[in-house]
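Step one of this worksheet: look at the structure below.
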Amino acid sequence: STLNVLRYSSLAAGIVYGAYHTYTLKLEGEKKQELYDYQKKLKLVEAAKAEYRKLNPPKQAASTEAVNLDDPEFDFGKFILGAVEKLGS
């Protein structure tokens with residue numbers, strides 16, 4: 001009788017442990033799969049950004065010239081026409 005109690009108690013403990021172990025392995029696998037999917041999405045986003053940069057290169061910034069309005073030889077009309085010309089192109 002005592003032997004049967006020990007036998008069935010061991011069987012029940014083994015079943016509970018097996019269920020717990022299976023559950024933890026399943027959770028670990030799901031976490032690894034989520035991480036893998038996330039890394040894959042990051043790689044796709046980086047590839048898309050690189051392709052966008054390749055297809056649409058950044059525009060060159062217009063050079064800024066130092067303008068001294070107090071200079072007596074400064075031609076304001078020429079400066080304005082040059083600025084309008086730069087905006088038009």
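Using the three backbone atoms N, Cα and C, a Cβ is placed for every residue, glycine included.
Under the heading N-acetylserine, Swiss-Prot lists SER1. Less than 8 angstroms from the CB of SER1 (N-acetylserine) sits no same-chain residue that is six or more residues away.
The transmembrane segment annotation in Swiss-Prot covers 8-25.
In the three-state DSSP scheme, SER1 (N-acetylserine) is classed as coil.
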